[in-house]
Amino acid sequence: MATSTLDRSAAPAAPGAAGAPNPGRRRINRTLKYVLLLFFVVVVLIPAYVLFITSFKGSSDADPSRAWFLPTTWETAGWSKAWTTLAPALGRTFALVIPAAVISATLGSINGYVLSKWRFPGANVVFTLILFGMFIPYQAVMIPLTQLMSTLGVPQGVPSLMLLHIVYGLPICTLIFRNYYESVPSELIEAARMDGAGILRTYASVIFPVSAPGFVVVLIWQFTSAWNDYLFAAFFSSGRNGPVTIALSFLAGGQLTDYAASMAGALIASVPTLIVYILLGKYFVGGLMSGSVKG
Amino acid sequence: MLKRVKHWGPGLLLLAPTIILVGVFVYWLIIENFRVSLTNQHTAKPSDKYVGFDNYTNLLADPNFQHSLWNLLILTIVFLGGTLIFGFLWAWILDKPAKGEGFFRAVYLFPMAVSFIASGVVWRWLLSSLQTDQPGGERTTGLNRLLDSVGLGFLQNDWWSNPTWGIAAIAVPAIWQLSGYVMALFLAGFRGIPEELREAARIDGCSEWKLYRHVIFPQLNPVMLSAVIIIGHMSLKLFDLIRAIVPDANTYDVQVPATMMWVKYIGSDYADAAAIGMILLVLVAIVVIPYLMYTSRAEKR
């Protein structure tokens with residue numbers, strides 16, 4: 001998969017022999033390079049710094065002239081307020097995001113298997129039609145969707161959002177798995193077929209056992225995008241039954257904002273996805289890459 | 001014939017749930033949305049009276065909506081330009097082996113893991129528009145305060161509180177969030193270029209610039225295209241970030257079709273909301289459909 005292209009080890013040896021500049025100039029270049037890299041690290045981390053220091057500020061640091069400085073006293077009032085506000089929503093978000101990720105990944109795996117190894121006439125057209133579902137602006141279906149969901153009687157909040165994340169997650173899950181299975185040798189499938197194994201037995205005995213990396217990528221992708229979703233949540237839930245993005249937007253919204261609490265809240269709401277990113281960054285990038293359609 | 005059906009029938013059967021779900025939730029709902037957009041259902045009361053394309057012509061004639069389209073154009077240009085510049089620059093620096101490269105990559109990419117709603121909380125504060133040289137300026141916070149205290153006070157500005165260029169300020173956090181992603185795309189692209197190609201060009205006496213102009217850039221075209229499509233369609237749909245930074249969804253300065261659609265929905269003007277949704281869909285389709293056709297053809301080759 002695309003992940004491997006990011007591994008340094010996979011890249012060929014460094015250039016440099018041909019027409020190498022003199023060592024002095026090279027040292028200057030290297031210094032310049034690190035200065036640039038560090039400069040951008042600082043720029044990228046500015047928002048994180050502000051979030052962190054502001055979340056620990058109390059009323060004694062309310063003076064804007066101290067806005068960019070560390071707190072004079074480290075107070076945790078913001079954190080405890082944010083936690084009490086967000087805790088129920090955090091629970092709901094886990095309850096909807098985990099099943100949604102697992103179900104759409106499972107369906108995506110089966111779809112990818114069929115579209116890559118058990119093709120039927122017109123399979124490519126069907127695949128492209130499914131893929132288009134990944135790109136549509138959901139605004140273009142939202143009005144009748146609200147109607148449909150109430151006709152179907154799906155309750156607002158967790159059940160609605162779970163269903164929507166499964167359905168609208170299917171295109172990307174299918175895409176990732178299809179591209180992943182393209183790298184599984186077709187001879188394995190043929191051999192299983194020769195032995196008289198049907199489509200499901202072949203899946204269970206040949207495909208599923210080698211699917212773990214695909215599942216990791218898809219589960220991370222689905223977990224992160226459902227966790228970070230706000231659009232569906234805005235249309236299909238309220239502060240009472242909504243996920244953490246809704247709760248956070250209520251905590252931070254309005255004209256008068258408690259900045260300590262809302263910044264602590266933003267950090268709390270980001271912890272799960274950041275943990276995933278830090279622990280499984282390679283697979284996270286793999287999911288991102290597959291968003292560019294080509295495998 | 002029967003044998004062939006037996007061959008691909010089970011596959012089709014397994015795919016059926018997805019075909020049905022996508023068929024209903026994507027294609028049927030788009031048709032249904034189009035139908036609603038042709039009615040005069042401007043209140044919560046259902047109405048099936050068809051008015052043709054009146055809602056579209058009214059919207060396109062509405063200065064508010066025109067402004068939202070203009071904003072969308074500026075947003076997309078700035079967002080695309082910014083992410084491509086930073087994404088390319090970072091990938092270009094990091095492409096050559098470097099100590100601690102993994103660390104830099106991880107830092108540049110981390111904003112991708114955070115939701116627009118969470119990052120919007122801090123950007124709302126950073127892009128606060130009170131300035132030190134204004135009345136009440138001693139209450140300045142955010143980037144304006146920082147710029148002032150490092151001697152760059154002349155760079156202070158109103159950020160998003162400006163009807164013409166305010167939307168470009170919204171692109172700043174969007175660029176912050178997605179440049180790392182474009183960097184990852186370009187890095188993958190750089191690493192897909194065979195080293196022999198570079199070597200051959202160098203042996204032929206290619207200057208560094210010519211090497212890029214004639215060897216590297218052409219090889220990066222597909223990656224560039226992916227980046228433009230992905231960022232472009234994200235920009236067209238951008239909603240969360242604006243909601244998180246600007247308290248009132250009805251703020252003229254940063255109005256885009258996606259926020260306007262939300263305002264219409266809240267006001268129970270379903271026909272107009274549906275029409276805006278259709279317009280967004282057309283804009284996205286113009287970008288995405290040729291791309292999907294191009295990639296599916298490229299795959300066949």
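Glycine too: its Cβ is placed from the backbone N, Cα and C atoms.
Look at TrEMBL and you will find B:69-291 tagged as domain 'ABC transmembrane type-1'. Sequence annotations record features per position, and here TrEMBL assigns transmembrane segment to B:12-31, B:69-94, B:106-126, B:165-190, B:211-231, B:270-294.
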Query - Residues of the parent chain within Cβ reach of the transmembrane segment (B:165-190), under 8 Å, 6 or more residues beyond its termini - result: 71-72, 74-75, 78-79, 82-84, 86-88, 90-92, 94-95, 105, 108-112, 114, 116, 119-120, 123, 126-127, 157-159, 216, 219-220, 222-224, 226-227, 230-231, 234-235, 238, 241-242, 245-246, 253-254, 256
Query raised in the report: What else in the chain is close to the transmembrane segment (B:106-126), if you only count residues 6 or more beyond its ends and a Cβ gap under 8 Å?
Result: 90, 141-143, 172-173, 176-181, 183-184, 240-241, 243-246
Query raised in the report: By Cβ distance under 8 Å, which residues at least 6 away from the ends of the transmembrane segment (B:69-94) in the same chain are close to it?
Result: 101, 104-105, 108, 165, 167-168, 170-172, 174-175, 178-187, 189-190, 224, 227-228, 231-232, 234-236, 238, 254-257, 283
